[in-house]
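K.L.:
Input: one structure, supplied below.
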Amino acid sequence: MHSCFSGSFRRHKMYKEQMNITSLDPPLQLQLDASWFQFHLGINRHGLYSRSSPIVSRLLQDMRSFPTISADYSQDEKALLGACDCTQIVKPSGVHLKLVLRFSDFGKAMFKPMRQQRDEETPEDFFYFIDFQRHNAEIAAFHLDRILDFRRVPPTVGRLVNVTKEILEVTKNEILQSVFFISPANNVCFFAKCPYMCKTEYAVCGNPHLLEGSLSAFLPSLNLAPRLSVPNPWIRSYTLAGKEEWEVNPLYCDTVKQVPPYSSSNRLLNIIDMAIFDFLIGNMDRHHYEMFTKFGDDGFLIHLDNARGFGRHSHDELSILSPLSQCCRIKRKTLLHLQLLAQADYRLSEVMRESLLEDQLAPVLTEPHLLALDRRLQLILKTVEGCIEAHGEQSVVASDPAEQSAADSGQANLPT
């Protein structure tokens, strides 16, 4: 296996430096057989892990059970320090709260706490950019992505976290320490880092100490595996009014197809894969996508930040499918997989229900959300059928050379 994460001493040293351990305790040893390290080794040009990888199950189990040794705000939340204005309509850190938890084997995961109950739907008057981030949406998105055989969502697992022992008592961040308090119900709570009087209404609370949350495995550091962040061509307007060009121009895809890399690579087909995934989970908040620079223009798109999915089971937001309906292109592999999941013996809702039972926080989704997956899958297939009727199957259904050239054998990993 050729990889930029080969077990060389130089890479070993770089990983240890990335940890930036300053504790006076005896230094922890990086174990090269650690599940998160092996997960990084297995990233290849076709996905974050191979279809037959045994590492993912071990990584999920480790994130579920390993004790935490530190907790801190994420880098993007640190960037908001001092930027919160209590007079704003859209409070930048009020509607989300996430922490970075580190484990004793140097593993690291993004923790998103429970913000609302499973059966609560997003109010229909909410804009997508002020919606809560849902921990169970992150968990369900990982399972769906794996079922669709995309393998582009980092492994994610549910966990009951003791916010006192596993966050407050291990964090060295004084700001994070300062936002813990005891609620009138004697529950331990904490909130985002804006001024106290501004943000207690956004606090999350244990019961009294235990709090549900999702843990998503971190990807390799940007120093080791650089990533590109690219605006989504079908980005939405993040204002209270206004439309983007794709929302008013039905021929918008013709413009996109003239611009590199969408004009000559699989990038557009990968965008359409992402749109299909987002439509199934109901995620309208895909303003950017990331990809590893080492894999070039044909590399896969990483499906990060899915917590605004699964908000409304009663509504199918067809505009999310615009890349598919406007471009009328889809990978043959994707279409065949969707058609399989529409059959009675492999019904998507049933496969998801069974997969989600593996998680500690099951049931992760309510029954209406599971049934919505079947309904939305039919809408996707009807959209493809309409495209084929209008343009012909040869024009609509595209073979993916990258998928055909390597049968997901774990080859072509992140190169040196």
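Count begins at 1; order follows the chain as displayed.
The backbone N, Cα and C atoms fix where each Cβ goes, glycine too.
Heads up, TrEMBL stuff is auto-annotated, nobody curated it.
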K.L.:
Which is it, of 43-64, 307-328, 395-416, that TrEMBL names as region 'Disordered'?
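P.N.:
When 43-64, 307-328, 395-416 are checked in TrEMBL, region 'Disordered' belongs to 395-416.
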K.L.:
Taking only the binding-site residues Ser216, Leu219, Asp305, which one has a CA atom nearest to the CA atom of Asp285 (active site)?
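P.N.:
Of all the candidates listed, Asp305 is nearest in space.
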K.L.:
Suppose you look only at the domain 'FAM20 C-terminal' (180-397); what would the mean pLDDT be?
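P.N.:
Within the domain 'FAM20 C-terminal' (180-397), the model's average pLDDT equals 92.
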K.L.:
Given a separation of at least six residues and a C-beta threshold under 8 Å, show me what packs close to Ser216 (ATP binding site) in the same chain.
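P.N.:
Ala109, Met110, Lys112, Glu138, Phe142, Pro154, Pro155, Thr156 - these are the non-local Cβ neighbours of Ser216 (ATP binding site), listed in sequence order.
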K.L.:
Would you mind checking how many other C-beta atoms are within 10 angstroms of the C-beta on Ala217 (ATP binding site)?
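P.N.:
Other Cβ atoms found within 10 Å: 25.
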